[in-house]
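The annotation repeat 'WD' is assigned in TrEMBL to 16-58, 59-100, 101-142, 143-184, 185-226. Taken from TrEMBL, the feature region 'Disordered' covers 311-408. Sequence annotations record features per position, and here TrEMBL assigns compositional bias 'Polar residues' to 340-351. Annotation comment: TrEMBL describes 352-374 as compositional bias 'Basic and acidic residues'. Per TrEMBL, the feature domain 'Katanin p80 subunit C-terminal' maps to 496-654.
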Amino acid sequence: MATPVVTKTAWKLQEIVAHASNVSSLVLGKGSGRLLATGGDDCRVNLWSINKPNCIMSLTGHTSPVESVRLNTPEELIVAGSQSGSIRVWDLEAAKILRTLMGHKANICSLDFHPYGEFVASGSQDTNIKLWDIRRKGCVFRYRGHSQAVRCLRFSPDGKWLASAADDHMVKLWDLTAGKMMSEFTGHTGPVNVVEFHPNEYLLASGSSDRTIRFWDLEKFQVVSCIEGEPGPVRSILFNPDGCCLYSGCQDSLRVYGWEPERCFDVVLVNWGKVADLAICNDQLIGVAFSQSNVSSYVVDLTRVTRTGTVAQDPVQDSRPLAQQPPNPSAPLRRIYERPSTTCSKPQRVKQNSESERRSPSSEDDRDERESRAEIQNAEDYNEIFQPKNSISRTPPRRSEPFPAPLEDDIAPAKEAAKPSPAMDVQSPMPNVCRLEVPPQPPVVSSTPAPKAEPAIIPATRNEPIGLKASDFLPAVKIPQQAELVDEDAMSQIRKGHDTMCVVLTSRHKNLDTVRAVWTTGDIKTSVDSAVAINDLSVVVDLLNIVNQKASLWKLDLCTTVLPQIEKLLQSKYESYVQTGCTSLKLILQRFLPLITDILAAPPSVGVDISREERLHKCRLCYKQLKSINGLVKSKSGLSGRHGSAFRELHLLMASLD
């Protein structure tokens, strides 16, 4: 009878020299669990493929040590913060710098990407938290409330909240739609190093240097349970993808916890020292740790780890295990995050040359371009990971095989003597046995291209006309033998619509001249009224593109005229019209929505105040129009691509109207 082959539950995968000097920060890509980014005192950000010895890419541009790095979920963008307070965003597929964000006055301690990928949150030693729009290179909000360095930031799965942890022993929850703090959680007696949202429920976990993990209910804003007695400061925690348990990377061990009631399901010995980050892929937990210039990666086979049910005896400490308490079946379920539905698995890439967002380059931007480089160290790995050969190579996402587990040390010599015979049943169930599995065959993909559907939205930039064919402009050929046309006949057919097009362009030019004549008088409101009276959306779009470039031109009475036109633009089939409408609506919401709500909520004044009554009337009119647009924005927030991202952003800004 063949001897069972027992493999390890946890093992060290590799150790690399990541930087010429000390490593100061690192992060794992949560999308694949196979990409590692490291920041060092040499001011570089290096990218690695797990279990491969060579660096894929080295990103330069920072002039001080890199103290925080973060990858977005699709692993297309990376953001790094330095000791000087500067933040840089790189596009990994294009291998170039995307944005440089300045504003913090001290070290960048924490970063996180918004789940929709177009915003970045940063926490600093200067105690401030900033929300950045990486498309426009600007700070959207600044949150103040912590009194010491902000060590960790996490967005909620639905993108509406931001959790922050700091050295002041506090955990704070911020409402992104209202731009203010929702709640603060106290109870930790040491610096809070990490926070993590539950993937489904309204639940938040926090780990602290006081060796405790606390779970917070985000509906009642109170503590659910507290796990004490960790062997060291808690620096890395991660929920299981289905939310059944929480993994805690402790000193040389991995612990698996439940929280209602608090209990330890399992403890796995892993000699990783102080683990810095965790990720899960293919039922394997990947952990990374660093010491000086070296980075080590470790693997834990989660199929051999207890994640629910019984309470585990702690092999590290001599303390008695937590008493097992049966879960309470009558405990009410917490709310579940409402994520915007989308069919697109890849967020819209940031474009720097959009018509509505184009800005003239400055000397500072030029200098950043020259000083920031992406040095590709391993072209083969780079092309495999960041340069898909065709547009569907990531649909479905890339699948990676699990890392093979090594044999247990005590039975490794017996492997050669215990080779299975050909007649052995490889599917027979045995505990701790490596089974031989036939790798799944890749799906057969037909080479016949699918019919191209005509897009519902006409893009602003295109190489060919939408819905037009050359044959539509040529006379029908009745006799097959006479298939070739004379040049004169073809040109006469093409010129038939030329006069009509000239009339349309001439009319539009006259309309713009009319609006421009009023604009030169300095009366913006009258010029907008004249553009609306012409009843041509193209003229309105041209005018709004000018007004959007200077936010100070917007006034409350201008909003009453423009909002009905914005509603029409948002329903247009032209991409440029929709984008202009979204930009205008965002400016109105940011500048006037708080004012409108405050005026409408204020008590009535005593006596007669003509100006107040006029302002109140404008606010009521704007509020009514915004309510009408809110339904349209909500219905379109599930779209994919650039439009979906823009509408989801507007939906967050309009949350107070619901």
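Here the Cβ of each residue, glycine as well, is placed from N, Cα and C on the backbone.
Note: TrEMBL annotation is automatic and uncurated.
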Residue distribution over DSSP helix, strand and coil in the repeat 'WD' (185-226): 0 helix, 24 strand, 18 coil
Long-range environment of the repeat 'WD' (185-226) - Cβ separation under 8 angstroms, sequence gap at least 6: 148, 151-157, 161, 163-173, 232-239, 241-243, 246, 248, 257, 259-262, 333-337
Structural state census, the repeat 'WD' (143-184) (DSSP three-state): 0 helix, 23 strand, 19 coil
